[in-house]
């Protein structure tokens, strides 16, 4: 393999990892507040179809992204009401959200399957993109990839250095204590869940507006689930999610790498790689039981009912 | 004013009424949706719910769809009762179809009376194996069962696609990604002349009864119930969580595998890439709708099969995309979870605002 091919592979790994990065950034904030939302796949598909339709109808890509974000938030709001107010089981509600979103997105998008759209064009950042190799890998992308860089940096800062981050972690670690010092636990959780929805929507829009760019039923192909594994893989640390997303991106494009090495393997077998990689990762992290217990938000998946506090 | 008040005892009436209420609310949602897209809601609901039961051919097709849904749902009911979040029925079904089909193709020139039982057994064992790996990974390495079972669904799907493109492809099939048609010796017999209803539906109903028997009449079932209701109590009583986990997962895998092999050796008669329209995922809804009870699952699976049939008919007769079915399934589960709130809570009406 020559240097050019390696550059191309790393560039593609970032592109492929970006939707995973968006969902996982949203989900980690959601999980840090103590809520496990398994509806990522459904929110992402709704973001993909609504983003596509909005951009297709208006001719404005930015509008498509915003519509996808709003749609993702609306979807997550259904989940939030059921889980936070009605106290429904988080696992079951998340599954319902995924099934609902899969169906609704296919229903809405049925007439638009196969239509194509002029996707976002790459923008080379002046100066930075001239750095040999690194510039080509990191700074010759479309605007959404830069947005994902920005969001990662922003969330690392907010979670680790600000009062908002502290509040979020307090709610996720010990909602009762947080409630006792006057934090509105449910309000924080609503906002965290809806932020997760908006990010999942963005990830969906990235799929239908940039990555493919078109709408196909079920086009997210399990990325919402892989992102959930990614959050565990990153031990709920925002910075590590970025690294993990690109590693998974690399696993998804292994066929390019193997072709580069001159191997020939059935594409259907290679298509299994990201899923097999996810299982392997789950085994590696899970094996360190103590560490996972230590790092996971302590109230993750447990309902909090303020009425019981009185 | 209206206040929400916690019940002192869970309402047993609401436990039964909640799924029915959820179905009614879903139908109202459906009627509103159909009006919104300019279809007659009355006609749409008629096509979805009445037409599937209107003639004997449709009823037969309904039972064909009910079989795999019920087989998967019975296994999942036991899993969820034991707090094993197995989302992998779809993959276990596909694995069963794949393993069973490989065996059926091996018997393609055989006349042996054992060909069909061995084919079915191969499907069952494949489904069990597909459930065993995530179970082992969970119990040995503490890996997240929800995520591993879902990943195994995708892996099974690609394995199936690969095999019909490769080793199991019909050499005389003009390159289509399908296996050869199975020999009659490995096809499940149909129950009635002129209908596609086959032995699979009997397997399903028997599995429901076996599931009920295990859960209600055996010590094992008692342990599962205690484990689901109060895990610390079950551990204190010395019940082995490992043994129970293995049992429910292998049981679910076996039934899902049987569902898969029954599809390929039943109505389909060969292995194709799209043997399941998401039965394994819909079975999750069936299990919940049936209150995680094997007998409840029988009724819920019948309803879900009607909905599947109705979806096909609505597409043919009214041009409504078939995806509407999975949307209804999601809405149904939302409403069910919301209605379940009233098992432990109730609304009270008071004349004056309390302070």
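Glycine is no exception: its Cβ is also placed from the backbone N, Cα and C atoms.
Features as listed in TrEMBL:
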type     : residues  : note
TRANSMEM : B:20-42   : transmembrane segment
TRANSMEM : B:62-80   : transmembrane segment
TRANSMEM : B:92-108  : transmembrane segment
TRANSMEM : B:114-133 : transmembrane segment
TRANSMEM : B:145-164 : transmembrane segment
TRANSMEM : B:197-215 : transmembrane segment
TRANSMEM : B:244-261 : transmembrane segment
TRANSMEM : B:281-308 : transmembrane segment
TRANSMEM : B:320-343 : transmembrane segment
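Each of B:20-42, B:114-133, B:244-261 was scored by its Cβ pairs under 8 Å to the transmembrane segment (B:92-108), and the highest score goes to B:114-133. Long-range contacts of the transmembrane segment (B:197-215) within the same chain, counting only residues at least 6 positions beyond its ends with a Cβ under 8 Å from a Cβ of the stretch, are 60, 63-64, 66-71, 74-75, 77-78, 81, 188-191, 221, 224-225, 251, 255, 258-259, 262-263, 266-267, 293-295, 297-298, 301.
Same-chain neighbours of the transmembrane segment (B:20-42): 48-49, 289, 303, 318, 320, 324, 328, 331-332, 335-336, 338-339, counting only residues six or more beyond its ends whose CB sits under 8 Å from a CB of the stretch. Relative to the transmembrane segment (B:320-343), the listed stretch B:281-308 leads the set B:62-80, B:244-261, B:281-308 in CB pairs under 8 A. For the transmembrane segment (B:281-308), the residues of the chain that approach it from at least six positions outside its boundaries are 15-16, 19, 22-23, 48-49, 52-53, 62-63, 65-66, 68-70, 72-74, 76-78, 80-81, 87, 89-90, 204-205, 207-212, 215, 256, 325-326, 328-329, 332-333, 336, judged by C-beta separation under 8 angstroms.
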